[in-house]
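This report concerns only the one structure given below.
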Amino acid sequence: MAHNQENVQKQEQAAFATPTFATHTMNRFDPADVDLSGVLENNKKWASQVKEEDPDFLSNIAKQQTPKILWIGCSDSRVPANVVTALPPGEVFVHRNIANVVTNSDLSCLSVLQYAVDVLKVEHIIVCGHYNCGGVTAAMGHEQFGLIDNWLRNIKDVYRLHEAELGAIKDETDRLYRLIELNAIHSAKNVCHSTIVQNAWARGQTLTVHSWAFDIETGIAKKLEFNACDGKQLQSIYVTRKD
């Protein structure tokens, strides 16, 4: 009987298997490919590989998406959500910007957040920073870059809020890495401060907000010290309720 159950379980796992999308099959971009024909050829090879591994995969996900994760990360080309998490298309809903900043005035981010929570019913929101982040590095300095300076101000505010802790760190790289972590945590808290997330918790929706940091050099992501599955960790001033 146990043997039969094991066979059934293996069959079920095979039925829900997804393509591997191994990164070793990817080709590097050729700068001489000015019309991007090589990129389109890579796309054809990728689609062919997917169909070979699972003939029905693309047709199935074309019908609908049911991701359980919203990823809010940096636009850095070295931190693609699906590659970092080793999850195939359809598993992760993604929003990216410079230095994974979440503010209460960014309509693009808030629109993604609302759709993910209210429509897709994701169960996890990951705010993932990464070490060697150019945005956070720029925010630690005093050089002007243009329009982006207004965006980097959000990270400077995080530095100001934690100036005592950061100022006590003598090594510049360690200080930068800690600011990268604090910035991800701050953005994760801002996700929780949104009425979108608070209303989801109020109606009993399963939803956990996580803060992570990704190490490009090792390829490993780690949990940071903040995560929340309800509003109990919020400072009272940020708690709002519908009448």
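Count begins at 1; order follows the chain as displayed.
A Cβ is built for glycine as well, from the same backbone N, Cα and C atoms used for every other residue.
In sequence order, GLY73, CYS74, ASP76, ARG78, VAL79, ILE180, ALA213, PHE214, ASP215, ILE216 make up the list of same-chain residues 6 or more apart from HIS130 (Zn(2+) binding site) whose Cβ falls under 8 Å from its Cβ. The secondary structure of HIS130 (Zn(2+) binding site), as reduced to three states from DSSP, is extended strand. As annotated by TrEMBL, Zn(2+) binding site applies to CYS74, ASP76, HIS130, CYS133.
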CB contacts under 8 angstroms to CYS133 (Zn(2+) binding site), restricted to the same chain and 6+ apart in sequence, sorted by sequence, are CYS74, ASP76, ALA99, ILE180
Specify the count of other C-beta atoms within 10 Å of the C-beta of CYS74 (Zn(2+) binding site).
24
Counting only residues outside CYS74, ASP76, HIS130, CYS133 in the same chain, those with C-beta within 8 angstroms of the Zn(2+) site's C-beta centroid are GLY73, SER75, ARG78, VAL79, ALA99, ASN100, GLY129, TYR131, ASN132, GLY134, GLY135, VAL136, ILE180, PHE214, ILE216
Tell me whether CYS74 (Zn(2+) binding site) sits in a helix, a strand or coil according to DSSP.
strand
